[in-house]
Each structure stands twice: as structure tokens, then as C-alpha cells.
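In Swiss-Prot this protein carries:
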ACT_SITE  H5  active site
BINDING   E25, D27, D85  Mg(2+) binding site
ACT_SITE  H41  active site, nucleophile
DISULFID  C45-C51  disulfide bond
DISULFID  C47-C190  disulfide bond
CARBOHYD  N189  N-linked glycosylation site
CARBOHYD  N250  N-linked glycosylation site
Amino acid sequence: WIMGHMVNAIAQIDEFVNLGANSIETDVSFDSSANPEYTYHGIPCDCGRTCTKWEHFNEFLKGLRKATTPGDSKYHEKLVLVVFDLKTGSLYDNQASDAGKKLAKSLLQNYWNNGNNGGRAYIVLSIPNLAHYKLITGFKEALTSEGHPELMDKVGYDFSGNDDIGDVANAYKKAGVTGHAWQSDGITNCSLRGLDRVRKAVANRDSSNGYINKVYYWTVDKRQSTRDALDAGVDGIMTNYPDVIADVLNESAYKAKFRIASYDDNPWETFKN
């Protein structure tokens with residue numbers, strides 16, 4: 001999965017997919033009542049990027065729905081996965097469940113079209129704080145009470161705080177999650193970070209009793225760091241330059257071993273090295 005980083009304006013969906021992304025990451029900010037409000041990152045952000053592009057969350061979802069609904073004039077067949085980077089840092093811990101419920105209702109209405117031929121992309125809910133695990137249970141409760149528990153098949157999870165892998169496993173246990181687990185590791189492109197924790201995550205994925213299904217690394221903009229991440233065995237790379245990742249995947253060393261994921265590749269299934 002080539003994951004376009006910080007895609008917060010509808011116009012950027014086309015831009016990143018046309019550069020080679022089959023997945024995008026979108027920031028979601030919340031208001032003080034735990035409603036998802038804007039697709040917005042804010043300052044500071046990655047070096048070389050504009051930090052302030054934004055849409056109202058529900059409007060972004062409608063644009064995203066068009067981009068992922070077969071037959072729509074804006075449809076991109078290769079856009080198959082969306083990571084919502086949930087900026088829950090503005091919320092109190094006890095608002096996490098509410099945030100999950102409100103997020104689910106927004107998605108149901110504006111992305112899944114109330115279960116009637118909505119967008120088809122798989123969705124990853126990426127949560128920065130292990131203490132906010134109830135966002136997952138709230139999300140699930142809302143979809144169930146709205147009569148669409150089947151949509152949970154399209155939803156996966158990520159805790160993005162670079163926490164100890166054992167602590168992440170524990171948070172999933174509390175949330176009642178088994179499966180659909182993506183594990184991110186990384187740092188802003190302005191800094192360097194080693195691959196030690198990525199290797200631990202890959203080892204967990206490849207073990208018989210690990211909780212991780214997929215591992216992705218962020219934010220990778222250079223050819224050499226792309227090669228290093230691929231050599232470590234990641235499933236996804238988040239980037240500001242999807243064309244760089246696509247170029248490296250075309251190199252003879254990687255062409256035989258990796259390919260770009262399509263809609264038929266189940267993002268919740270573990271593919272072991």
C-alpha cells in the first residue's frame with residue numbers, strides 16, 4: 001500500500017492517486033463536543049508541505065465517496081484504503097466513546113450512504129492515544145444500533161503513538177478487538193528514525209500469536225529510506241511523494257517481491273514474509 005500522507009482537501013485525492021497512491025491518510029479534528037469537524041492538520045506539519053489545507057469532515061467524506069464508488073465520474077479504481085488520523089488529543093479521555101459514535105454516524109451517512117452503494121474503500125481508524133481505545137467500542141456500537149454492523153468488515157485499527165507493542169496489544173484486548181490491526185511506526189519527515197520498532201512489529205505480525213496483520217512506516221520521502229523499509233518487510237509506506245515509492249517498487253530488487261495492492265487484496269489478512 002502506497003499511502004499518500006496528509007490528504008485533507010478533496011482536490012488532493014486526485015493529485016495523490018495520480019502520483020501512484022492506492023491509499024490515502026486524512027487528518028480528522030474534533031470539536032469540543034467530540035464531533036468530527038474538519039479534515040485538518042495545522043502547523044507544524046511535514047517539511048515541504050502546506051499544513052493548512054482543509055474541508056468540513058462531512059464534505060470531505062462525500063468527495064471521498066465519489067472517488068471510491070464504481071461508476072462515479074470521480075471514481076479511482078486503485079484507491080482502496082483510507083487511514084483516518086484521528087486527532088483526539090483535543091478531547092478528554094472520557095469523550096473517546098462519543099467521538100467513536102459520532103464518527104461512525106458521519107461515515108454511515110456521508111461515506112457509506114446509509115449502506116446503499118456507498119464508497120467501497122477499506123477504512124483504518126488511527127488513534128494516537130491508547131487511553132482512547134473506547135473510540136473503537138463506541139464506533140462499533142453506533143454502527144450496530146444504526147443497523148449496519150456488517151460495515152465493520154470494512155474497518156480496521158491502528159494505534160499511532162509508537163507505544164510499546166505489548167501495551168498496544170493490551171489496548172486492543174480492552175477494546176475487544178481481534179483482527180483488522182494495522183501497526184504504524186514512524187516520525188515526521190523532518191527527523192530521522194531507525195527501524196528497530198518496525199522490525200519488532202514485523203516480527204509480531206509474522207509470529208503465530210501476534211496481534212498485528214499489517215505494518216506501515218511513515219513518513220518516507222526518499223528512495224533509500226523506501227528500500228530500507230521494504231527490506232524490513234513492511235506492508236505499507238506512507239509518503240508525501242507516492243511516485244518515489246512507486247519508482248522503487250519498480251526496481252528489479254523489489255519488483256519480484258512486492259506489488260501494489262488492489263481491491264482484491266484483503267487488508268486485514270496477514271501476508272507473511
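Numbers run from 1 along the shown chain.
Any Cβ shown, glycine's included, is placed from N, Cα and C.
The shortest Cα-Cα distance between C190 (disulfide bond) and any of the recorded positions D27, C45, C51 is the one to C45. When each of the disulfide-bonded residues C45, C51, C190 is scored by how many other Cβ atoms sit within 10 Å of its Cβ, C190 comes out lowest. Every protein chain considered, the tally of other Cβ atoms within 10 Å of the Cβ of N189 (N-linked glycosylation site) stands at 22. Annotation: H41 are the recorded positions among H5, E25, H41, D85, N189, N250 whose CA atoms are within 10 angstroms of the CA of C51 (disulfide bond). N250 (N-linked glycosylation site) sits 29 Å from D27 (Mg(2+) binding site), taking the CA atoms of both as reference points. Counting only same-chain residues at least 6 apart in sequence, those with a Cβ under 8 Å from the Cβ of H41 (active site, nucleophile) are M6, N8, D27, C51, T52, K53. Cβ proximity to the Mg(2+) site centre (mean Cβ of E25, D27, D85, cutoff 8 Å) flags the following additional same-chain residues: H5, M6, V7, N8, T26, V28, H41, V83, F84, K87, S126. Within the set of recorded positions H5, E25, D85, the entry lying nearest in space to C47 (disulfide bond) is H5 (CA atoms). Within the same chain, residues at least 6 positions away in sequence whose Cβ sits under 8 Å from that of D85 (Mg(2+) binding site) are E25, T26, D27, V28, S126, P128, S160. Counting in whole angstrom, C45 (disulfide bond) lies 9 from N189 (N-linked glycosylation site) by their C-alpha atoms. Long-range Cβ neighbours of the residue listed as 'active site' (same chain, at least 6 residues apart, Cβ-Cβ under 8 Å): E25, D46, R49, W218, T219, M238, T239, N240. Ranked by how many other Cβ atoms sit within 10 Å of their Cβ, the binding-site residues E25, D27 place D27 at the bottom.
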